[in-house]
Each structure stands twice: as structure tokens, then as C-alpha cells.
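Enquirer: Take a look at what TrEMBL says about it:
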- 12-31: transmembrane segment (TRANSMEM)
- 17-298: domain 'ABC transmembrane type-1' (DOMAIN)
- 51-71: transmembrane segment (TRANSMEM)
- 126-148: transmembrane segment (TRANSMEM)
- 154-175: transmembrane segment (TRANSMEM)
- 239-261: transmembrane segment (TRANSMEM)
- 332-565: domain 'ABC transporter' (DOMAIN)
Amino acid sequence: MLRLLPFLKPYRWWFMLVGILLMLIALLTTLPPWLIQYAIDEVFPTGDTTWLLWLGGGILLLSLMEGLFSFTQQVLSEWVSQRVIFQIRNQLFHHLNQLSFSFFDRTQVGDLISRVVSDTDTLKRFIAFGLLKVVTNGLVLLWIFVSLMMWSPWMGFLFLLMIPFMVHAMWTYSFRVRPAFRRIRQTTGRLTSFTRERLAGIEVIKLFGNETHEENQFQQENQEYLQYQVEAARLGAFWLPYSEVLLGFFAGLVLLAGGWLVTTGRITAGSLVGFMAYVNLLNRPIRQTGFLLSLFQQADTAAERIHHLLDQESAIQNHPGAQPFTRLTDSLSMQGVSFAYDAQPVLQHVTFKIKAGETLAIVGPSGAGKTTLVHLLLRFYAPSAGEILLDDRPIERYTVESLREKIGLVMQHPFLFDGTLRDNIALGTPDATLADIQQAARLASLDSFIKALPQGYDTPIGERGVRLSGGQAQRLALARVLLRQPEILVLDEPTASVDHLTDAHIMESVSSLMAGKTLLVIAHRLATLRSAHRILFLEDGRITGLGTHHELVTSHAGYRGFIEASGDIAGRGGV
Ligand code: ADP
Ligand code: MG
């Protein structure tokens, strides 16, 4: 929780102001027993009734002031704590954006959502309400103690007797509720994750008639959530009865010991009544303590989760002295590159070199590591061994942003966002004109489809682009990348979901647009392979063939088998 201080620091003056108000409130709360004591000990014996008016008016005035201060303080607290949380949320989202693919591979998105949305909210409740109540209650206790000491050290001592009971109860209570709250937060994350994923895959669930199974699984997670909540509530329920008993016991003790002190003349009757009024005042802070402790424990576990996320470092970072990558003038190569997502190796000793301006086709069975290979080039992951070089310079010595700006990648499974066609195409180029966007769409063979729509480029495509066909989504992803005019273009099976004719058309416009630029393409179409300067055949993470189409067809049985199986030969006039 202490690690939150930097977030509070910009608002320290506001917190200070709130602190002053709290001190005043605490002071005002503790004044009435003084007035009572004064009335009994000093005013009643004189029989002067005008004083009573003053006293009554005084108590009324005090509560009015207290009300006014409380109001101001609550508005201020809310104002400042909302701003603190606003900053923390922004920071969390910013940090998430920095984290690398390997982090997201091993993390559940729902859990991240619950950290950004609900953990921050829990923290807010504590900062706005809990933290300040702790301060007020602490001050009230302190003022009470000071007042009692001023009346008589005997009463101060009596008051102190209660402290060990309180501390003991707080201690045991905190230790018990804490794990319960941690489990609640974890299950919240799991429940969010589960709901999010199942709703995203609702089509598959319906297709396989899996609703009942999913519902059972949901109920199981929900059941666990319920159980932890009930457990926490049961632990929480212990506090109220405990504080009732403690206060009752204490009131009895004060009356007994105080009565003896009055009869033996050690304290005045007025201060005993004042003391009893204080015992009454203690009611609220003590009852609240249980609630505050659980609020604190919830906030503390939330803070723990937030900091755990903020502590994650991105595996991919800009090295000191990294320079921007502007263009490829000489060559692109990999030297002995190996990589594994976890223990299982995915790429092993991959070595090749192509000249700037050449087209490299990457071919191989599914799961061979083709996608992984091109992802390494964009530094989505870092190789475990070997080097990737652009113009004989390791890619780590270029800035990550410039690599991703200049190397355009059309992913195998493009992701589209809720929004219009236009917004989605201009995703990486916010200042593109409509003419540019149309041009890119034309190159990707998407323009005629879009023009036929009543809303044209302003047509919303739905969440994840659900209103587009697979091929349309792929072409949109291509248009998005072409619009950025990349130096190096990487296509990961970009036309797998489009028909042969559109495919040919797309590849034609891509090669004319990228003429003289470097092109890496994962594809199996014969025409693409034939026009490539070099073909890399990847099997089980290893390069087993590297050469032109002609060379590979004559020397590489695997490649030949691949071409023959594709059935392309017959249709297009043989090898
Ligand atoms: P290709 O594109 O050639 O079909 P990929 O590069 O996508 O193959 O995958 C190569 C291997 O790496 C596969 O065995 C796949 O299961 C594994 N793999 C791919 N992505 C991940 C990931 N994010 N985490 C763990 N393993 C992965
Ligand atoms: Mg792939």
C-alpha cells in the first residue's frame, strides 16, 4: 500500500486540506462531553440558568459546524481520490500496452481486466472513505484520551486498559480476512476471464451444443466465488457482536471504577458523566473498525495485484543507443536463430540471407514455425540464440517502434476492431486522407466491395469485425498495412481465405506497389513461389531447403511433394 504514495504525491496539498478538516471534525466530535462535564461540575451548583442556554446553543452550533466540515471533506475526498485512481488506471493501461507477447501468452485477459477495472475501484473506496475514516477515528481516540488525562490520569489509565483488547481483535481479524479477500479477487479475475472468452466464442459453443457444459463450468467458478464471499462475510460478522460485548464490558468497568473514584473524591461527578459520554462516542469508531479493516485488507490485496502488474517488465525493450530503422539498403539475414515459446524448440539454427529488394517465399507444413519466424523479425519475441540482421546490424540495435513502422506485417489471423471500415484501414495511419485509404483498399481488392455498401467507408464492421467475411477481413488487414507504405513487407498467408482470382489480383498489386522493396511472403500458391527470388522450406523449425523454385523442385523431394499435393501444377501448365 505504501507504494501508492507516489500516486498520491501530486495531490498532497489536497490531502493536507482534507487532513485539517478531519482534525477539526474529530475535535468537534469530542467537545460535547466537555460541555456536559462543565455543566454538571461548574454550572449546576451555581443555579444559573442562562448558562444552560449557552451550553445547549453550543452543542447545536458544534454539530452544525461538524456537518458542514464533513460535507466539504467528503466532496474533497471523492474529488481527489477519483483523480488518483484515474492516474493509476491510465498508468496500468499504458503499462499493459508496453508488455510483450510472451506476457500475454501466459496471462488471462479477464484477470487483467479485473485488475484495471475492479481492483482500482476497490482501492478508490479505501482512499476516499477508509483511509480518512481511519484517520478521523484515530484522532477521536487520541482526543478522548487527552481529555480524560486532563480530567484525571485515573481515567486515562482506565481508557488505556481497553487498547490491548482492541489491538488483539484487530490483529486476529485482519489475518483471517486477508486470505479470503485475496481469493475473492483471484476468483473475480477468473470469472471475468471465463465470461469474456466464452462470450467471444459463443458461435463455437452453440455449434457444438456445448451450452450446458459451459453453464456447469460457469456455475462451478461462480460457486467458488460465492463460497469465498460467504466466508469473508462470516469472518466479518464476528466484529459487530465482539465490539458490542467489548463496549458493554468497558461501560460496566468505567461505571464501577469511576463510581468508586467519585465516591472517594478522586474525580468529579461531571467528569464521570463526561467519561460515560465518551464511552458512548467510542461506539461508532469501534463498530467501524471491523469494516475499515476489511476495506483495508481488500484494498491492500488490490494494491498488491496492481503493483504485481506494474512490476512486470517487458521482455522486449529498446536498448540504449538504439537507432531508428529507416530503410533496407543491403541485406536481411538470420544467423543461427533458435527459439522456443516454452521448453519445446520451435526454430533451430535458422540461417539465410536475402538481398534488399528481393522476394523471399517461406513454405512448409503447418506448425513448422513460419509465423514464428516472421514474428521474430518484428521483435514480438526475442530469439534464444542467434542474430537477426538488417544491413548487417542486429535488430536489437534498432528501436522497436521504427522496426514495426517500417516492416509491414499482414498477420495470419488479423484482428479488427469495432468501428468503421475507414477507421480500421487507417488504424496505423491516423492522418491518412480518404483518397489514400481508397487507394490502399483498391490495392487490396477491397474497394469495389466497399463502394457497393450503402454507407461505404463509414460502414461499421462490428466487434472483432464480425460483419466481414474471412477474406474481406484479410484484405482489410492488407490494406491497413499497405497504407503505411512499409519498407519491408511481410505477408503471413495473406490470401488463404480468398479465391484464386482475387489472390492473383492482390499479389499483382502488391508486387507492383512493392517493386524494388523487400518482400517476405508465407504462401503456397505456385505463381507466388515461381516469382520469388528465393524459397525457404521450413520443416519442424529447421530450414531443409533454400533456393529458387526451379532448384527446389529438382532437388528437394519435400518441396516437390508439396507442390504436387497443392494441385496447382495441372491447372497452371506444369512445373
Ligand atoms: P506455422 O506458421 O508454420 O504454421 P507457427 O510458427 O504458428 O507455425 O507455430 C510453430 C509452433 O509453435 C507450433 O508447434 C505451435 O504450436 C507453437 N506455437 C505457436 N505460437 C505459440 C505461442 N504463442 N505459445 C506457445 N507455442 C506456440
Ligand atoms: Mg502460420
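Using N, Cα and C of the backbone, Cβ positions are placed for all residues, glycine too.
Quantities reported herein were computed from a predicted structural model and do not represent experimental measurements.
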Enquirer: Are the transmembrane segment (12-31) and the transmembrane segment (126-148) close enough to be called in contact, which here means at least 3 C-beta pairs under 8 A that are separated by 6 or more residues?
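Expert: When sequence-distant Cβ pairs are counted, the transmembrane segment (126-148) touches the transmembrane segment (12-31), since at least 3 lie under 8 Å.
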Enquirer: State the non-local partners of the transmembrane segment (239-261) in its own chain: residues 6+ outside its ends, Cβ under 8 Å from one of its Cβ atoms.
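Expert: Here the qualifying positions are 152, 154-155, 158, 161-162, 165-166, 169, 173, 267, 272, 275-276, 279, 282-283, 286-287, 289-291, 293.
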Enquirer: Across the domain 'ABC transporter' (332-565), what does the mean pLDDT come to, as a whole number?
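Expert: Reported value for the domain 'ABC transporter' (332-565) is a mean pLDDT of 91.
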Enquirer: Which residues, given as numbers and ranges, are at least 6 beyond the ends of the transmembrane segment (154-175) yet have a Cβ under 8 Å from it?
Expert: 144-145, 148, 235, 238-239, 242, 246, 250, 253-254, 257-258, 261, 266-267, 271, 275, 286, 289-290, 293, 296-297
